[in-house]
Amino acid sequence: MSEETKAKSVEAVEEKLQNLSTKETAAAAPADKKADHPEHAGEEDAEGKTAPAAEGEKKKKKKKKSKKKKGSHGISQFYTDGVYPQGEWMDHPGDGNLKRTTDEEYRYLDNKNSSAWNDYRKGAEIHRRVRKMAKEKIKPGMKMIEITELIENGVRAYSDTNDTKKAGMGFPCGVSLNHCAAHYTPNAGDKTVLNYDDVMKVDFGVHVNGRIIDCAFTHTFNDKYDNLLKAVKEATNTGIKAAGIDVRLTDIGEQIEEVMESYEVELDGKTYPVKCIRNLNGHNIKDFQIHGGKSVPIVKNGDTTRMEEGETFAIETFGSTGKGYVVGSGECSHYAKNLSAPANAPIRLERAKKLMTTIENNFGSLPFCRRYLDRIGEDKYLLALNTLCKAGLVSDYPPLNDTRGCYTAQYEHTILLHPTRKEVVSRGDDY
Ligand SMILES: [Co+2]
């Protein structure tokens, strides 16, 4: 992407933020927040954490906004107390967990982690706002590069910092199309254009102090895919409901599978069963580490590992009209530092050594894509990057494809397993 078009999309985002800011001031933030979370607005009100709401308060806010000229242009300008809205609350399943919701001890334990939870909530609020903006702006005929820049620049503009290791993209914005289920984002020069009949998985991460929100939806224009989308959305919500402290991973997969595979979709006169993509999984999330080592299957797989108190999980499910199995192929865009690489693997190539330092300085262990290297001024890095992959210091994540001609869909949320209850932190009024 040329410097000029990049500047243009940054302008567009800034203009958008400006508009948002005016709209929010006029409508008063508390009312807006309620509209954002119809399912659990009452709860937040009851706890009085995020909904102040009195007339006087509105006026005060209005005044503050009109005076405000310098300072943050990011999300924090809308939350001047630094407290971000909570997600949807649900009880941990099982009778053994009943005491958690009321027991003082669990509440005490939970409070010790409150700053981490707040970071997650901030990332989730950025995610909700950016995806809302994206859904309004994405139209057939747009280049995939424009779509990803729109979303990524949106996240950056809200992030209150230019330091990519403090906050910003948690991983590259995936825009995988049709039979491609995951890990496609355009590289520079990619001329792919979004078509009216495409099924696009928009999967992007937002991190705040390394706390990563991993959340995705499927975007379509043609309503013939509605049943496919509905199957996957319900499957993901089933996984979210089933998840919780002490729950076995295989049991979550089993429930997801049952719901997903109860659907079929008719496309152009032919009926297809909706299949789970059985080799794609949800996962736990650790600080700065998108895949924390546990996988949440979307089929019954016999894994009796249990979810534990305090963990964060991405619950994601994928449905397909194809085989229900993906393989990696095609030009790679996604990479990440390999955390289990041997500590002192020798790098002979000087250029590769330098590139590794650049990666560590800019992304740490967060996944990145080639465009992220471009935007920090790297060029002609492919040989060096491939050298790092071969040496096992960097892992590559090629696009994951089901059979050509089929359609795949995805929905994903991040959930926090508080000692008390679970919080679907990335929940919005959209999904
Ligand atoms: Co994920």
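Think of each number as a place in line: the chain as shown, counted from 1.
The backbone N, Cα and C atoms fix where each Cβ goes, and this holds for glycine too.
As given in TrEMBL:
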- H183, H291: substrate binding site (BINDING)
- D203, D214, E412: divalent metal cation 1 binding site (BINDING)
- 1-17: compositional bias 'Basic and acidic residues' (COMPBIAS)
- 31-43: compositional bias 'Basic and acidic residues' (COMPBIAS)
- 59-72: compositional bias 'Basic residues' (COMPBIAS)
- 1-94: region 'Disordered' (REGION)
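Shown in sequence order, G174, F204, G205, C215, A216, A314, E316, Q410, H413, T414 are the same-chain residues outside D203, D214, E412 whose Cβ sits within 8 Å of the Cβ centre of the divalent metal cation 1 site.
Recorded residues H183 (substrate binding site) and D214 (divalent metal cation 1 binding site) have their alpha carbons 13 Å apart, per Cα-Cα distance. For the binding-site residues shown (H183, H291), fewest C-beta neighbours within 10 angstroms: H291. D214 (divalent metal cation 1 binding site) and H291 (substrate binding site) have their C-alpha atoms 10 Å apart, to the nearest angstrom. Cα-Cα distance from E412 (divalent metal cation 1 binding site) to H291 (substrate binding site): 14 Å (rounded to the nearest whole number). Close contacts with ligand 1, defined as a Cβ under 6 Å from any of its atoms, occur at D214 among the binding-site residues H183, D203, D214, H291. A straight line from the CA of D203 (divalent metal cation 1 binding site) to the CA of H291 (substrate binding site) spans 15 Å.
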